[in-house]
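Record features (Swiss-Prot):
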type: SIGNAL; residues: 1-37; note: signal peptide
type: REGION; residues: 133-152; note: region 'Disordered'
type: BINDING; residues: Asn152, Asp172, Arg452, Asn532, Gly533, Thr534, Tyr595; note: substrate binding site
type: BINDING; residues: Asp153, Asn592, Ala594, Asn596; note: Ca(2+) 1 binding site
type: BINDING; residues: Asp158, Asp160, Asp162, Gln164, Glu166; note: Ca(2+) 2 binding site
type: BINDING; residues: Asp187, Lys207, Gly238, Arg255; note: carbohydrate binding site
type: BINDING; residues: Asp222, Asp224, Asp226, Lys228, Glu230; note: Ca(2+) 3 binding site
type: BINDING; residues: His363, His399, Asp401, Glu422; note: Ca(2+) 4 binding site
type: BINDING; residues: Asp369, Asp371, Asp373, Lys375, Glu377; note: Ca(2+) 5 binding site
type: BINDING; residues: Asp371, Asp373, Glu377, Asp386, His387; note: Ca(2+) 6 binding site
type: BINDING; residues: Asp407, Asp409, Arg412, Gly414, Glu416; note: Ca(2+) 7 binding site
type: BINDING; residues: Asp457, Asp459, Tyr462, Gly464, Glu466; note: Ca(2+) 8 binding site
type: BINDING; residues: Asp496, Asp498, Leu500, Glu502; note: Ca(2+) 9 binding site
type: BINDING; residues: Asp543, Leu545, Asp547, Arg549, Glu551; note: Ca(2+) 10 binding site
Amino acid sequence: MRRSCLMIRRRKRMFTAVTLLVLLVMGTSVCPVKAEGAARQMEALNRGLVAVKTDGGIFVSWRFLGTENASVLFNVYRDGQKLNAAPVKTTNYVDKNGSAGSTYTVRAVVNGTEQPASEKASVWAQPYHSVPLDKPAGGTTPKGESYTYSANDASVGDVDGDGQYELILKWDPSNSKDNSQDGYTGDVLIDAYKLDGTKLWRINLGKNIRAGAHYTQFMVYDLDGDGKAEVAMKTADGTKDGTGKVIGNANADYRNEQGRVLSGPEYLTVFQGSTGKELVTANFEPARGNVSDWGDSYGNRVDRFLAGIAYLDGQRPSLIMTRGYYAKTMLVAYNFRDGKLSKLWTLDSSKSGNEAFAGQGNHNLSIADVDGDGKDEIIFGSMAVDHDGKGMYSTGLGHGDALHTGDLDPGRPGLEVFQVHEDKNAKYGLSFRDAATGKILWGVYAGKDVGRGMAADIDPRYPGQEVWANGSLYSAKGVKIGSGVPSSTNFGIWWDGDLLREQLDSNRIDKWDYQNGVSKNMLTASGAAANNGTKATPTLQADLLGDWREEVVWRTEDSSALRIYTTTIPTEHRLYTLMHDPVYRLGIAWQNIAYNQPPHTSFFLGDGMAEQPKPNMYTP
């Protein structure tokens, strides 16, 4: 009953507002039901067919699309020969007689009628696919310090409209800096690659964009609804687009002696995803203004950026750009339509009445419809911003490094947020709250900075997702579980055949043995490397190919290639591709920002889950 309904909640500031609730009464229980909203624009994906050689034959896997009915079945073909006697319901198949030279297709069967064949898939020789990269040459700073490049965070979008994802990759110089550190950095480079390694373009953000996790937040999404993804990010004088055109003054250099850029114009540019061509450039907002307004005068807190994609009207995507979270905080929303950028709203914590929204942001954000109106809200650390740019609530618990938003507790209506907090004087070092109202459902005092926290269903003995932080594991109700915790507090990934989530850290995937309280290794990707130092995050984690399980993208140790790893473990569970889930897809868009976090779904995906709701979507 829980997952077939969603409570339409009042915001805290709207005590007198009239809220329409459709009430379903069963015995003594009352379940508020969300009215059906408008369909959302989503990507027109192909089958994502993948075939991988295993010891038991060829493992074949494909997408179940959000546009398809639950009754659809499939036929699997090898070299034009149908393999299954009767149509199969699963979205994976093991061909025991396949060979390395085989080619596979699948055909949907709708009401007994076979549909056209999918794209063809050749067999991978190993459980990963290599995407060769054009590694850039290093350089030298104005102080004579040399640097090299390594592949860093990535995102995905269908930039050419063929139904297959392309990879958008950030190159990080070896001298990239945290905002707290002085020093010059190399230029930030952004590349686009097809999965066969074809490089589509390279954007050089130039000397006036500093390199580091908090500076460049790149959004890859079909913003204008033409069926092809754009790329949006902060730019500056000297940025060179994918066609070689320079934005602004090519000779300008605003770096000070500390290598920081605290003066000069700032721009927001939308680039064509297929070519890297500049489509439109506007003045960047939130604007810098006075550096000292943001919490210090040397340029640390002024340049703390985040970004995201949100369906503010419930139907089409908008761009969110943010600045600041330790003190002054600003969020600005834009639409990119018909070749033009238009600003929708600004939330500024320095404005009268917004004081509660200062100093509450994280190094990450989440985006979801938390109040049931069909329109997305921005979960900005310890606060939330409504689709219209007005603050919904602030818990006052302040900044933190990790944040998880989803249906963490299926035993109660709506979505929840699990967050850790940095302030040692905060009432809670880790908190579990109602995503719509900010009500703290439970929390644990820490008395110190709790730097990491994770949420995933890893123990079927307890309903909902478990959460762990500060050396302890808890149920969704706040009950402490045992004395051990998983081997990592980083990412979670759906990898094996059950509905529980595995742990992803560095170049490893582990599974929590809940009965014995230890983690067991499932995969160690030899020759692959994680990113971002001690954060040890993947280049990307997402449901990129095949069935609903997730792929992980790591760089090779020398950054000569990216490797897309996929599971080869059969599963009886069939779910719509996670990339057609509204919360999950937006989680992939924001995954590259600042301190990367794993995506979550709009519904509870775990042991004992109810039937997954069919995505309410359309494709351009």
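Placement of Cβ uses the backbone N, Cα and C atoms for every residue, glycine included.
What you see is a predicted model, and the numbers here were worked out from it, not measured in a lab.
Sequence features, as recorded in Swiss-Prot, placed on the structure.
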residue: Gln164; record: Ca(2+) 2 binding site; contacts (Cβ under 8 Å, 6+ apart): Leu45, Asn46, Gly48, Glu119, Asp158, Lys194, Leu195
residue: Glu230; record: Ca(2+) 3 binding site; contacts (Cβ under 8 Å, 6+ apart): Gly157, Val220, Tyr221, Asp222, Leu223, Asp224, Val270, Phe271, Gln272, Gly273, Leu279, Phe336
residue: His399; record: Ca(2+) 4 binding site; contacts (Cβ under 8 Å, 6+ apart): Tyr325, Tyr326, Gly359, Gln360, Gly361, Asn362, Gly381, Ser382, His421, Glu422, Asp423
residue: Glu416; record: Ca(2+) 7 binding site; contacts (Cβ under 8 Å, 6+ apart): Thr405, Gly406, Asp407, Leu408, Asp409, Phe432, Arg433, Asp434, Ala435, Leu441, Ala476
residue: Arg452; record: substrate binding site; contacts (Cβ under 8 Å, 6+ apart): Asp401, Ala402, Val420, Ala469, Thr489, Asn490
residue: Asp498; record: Ca(2+) 9 binding site; contacts (Cβ under 8 Å, 6+ apart): Thr571, His573, Asp607
residue: Gly533; record: substrate binding site; contacts (Cβ under 8 Å, 6+ apart): none
residue: Arg549; record: Ca(2+) 10 binding site; contacts (Cβ under 8 Å, 6+ apart): Ser61, Trp494, Trp495, Asp543, Thr566, Thr567, Ile569, Thr571
residue: Ala594; record: Ca(2+) 1 binding site; contacts (Cβ under 8 Å, 6+ apart): Ala213, His214, Gln217, Arg304, Phe305, Leu306, His363, Asn364
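One residue stands out among the binding-site residues Asp162, Asp373, Glu466, Asp496 for having the most other Cβ atoms within 10 Å of its Cβ: Glu466. DSSP gives Glu551 (Ca(2+) 10 binding site) a strand state. In sequence order, Leu205, Gly206, Asn208, Ile209, Ala236, Asp253, Val261 are the residues of the same chain, not among Asp187, Lys207, Gly238, Arg255, whose CB sits within 8 A of the CB centroid for the carbohydrate site. Close to Glu377 (Ca(2+) 5 binding site), meaning Cα to Cα within 10 A, are the following binding-site residues out of Asn152, Asp386, His387, Asp496: Asp386, His387. Here the CA atom of Tyr462 (Ca(2+) 8 binding site) lies 29 Å from the CA atom of Tyr595 (substrate binding site). Within 10 Å of the C-beta atom of Leu500 (Ca(2+) 9 binding site) sit 22 other C-beta atoms, taking all shown protein chains into account. Cβ neighbour density within 10 Å is lowest for Asp226 among the binding-site residues Asp153, Asp187, Asp222, Asp226, Asp543. With a 10 A radius on its CB, Arg255 (carbohydrate binding site) counts 19 other CB atoms from all the protein chains. Considering only the binding-site residues Asp160, Asp162, His387, Arg412, Asn532, the residues lying within 10 A of Lys228 (Ca(2+) 3 binding site) on a C-alpha to C-alpha basis are Asp160, Asp162. For the binding-site residues shown (Asp371, Glu551), fewest C-beta neighbours within 10 angstroms: Glu551.
Between the listed binding-site residues, namely Asn152, Asn532, Thr534, Asn596, the fewest other CB atoms within 10 angstroms of a CB are found at Thr534. In terms of C-alpha distance, the listed binding-site residues Asp369, Lys375, Gly464, Glu551 place Glu551 closest to Thr534 (substrate binding site). The number of other Cβ atoms within 10 Å of the Cβ belonging to Asp369 (Ca(2+) 5 binding site), over all protein chains shown, comes to 25.
In three-state terms derived from DSSP, Tyr462 (Ca(2+) 8 binding site) belongs to neither a helical nor a strand segment and is classed as coil. For Asp457 (Ca(2+) 8 binding site), the same-chain residues that are 6 or more apart in sequence and have a Cβ closer than 8 Å to its Cβ are Gly464, Gln465, Glu466, Leu499, Leu500, Arg501, Phe604, Leu605, Gly606, Asp607. Within its own chain, Leu545 (Ca(2+) 10 binding site) has Gly48, Leu49, Val50, Ser61, Arg63, Glu551, Ile564, Thr566 as residues 6 or more apart in sequence whose C-beta sits under 8 angstroms from its own. Those same-chain residues not listed among Asp457, Asp459, Tyr462, Gly464, Glu466 yet with C-beta within 8 angstroms of the centroid of the Ca(2+) 8 site C-beta atoms are Ala456, Ile458, Pro460, Arg461, Pro463, Gln465, Ser475, Ala476, Gly606, Asp607.
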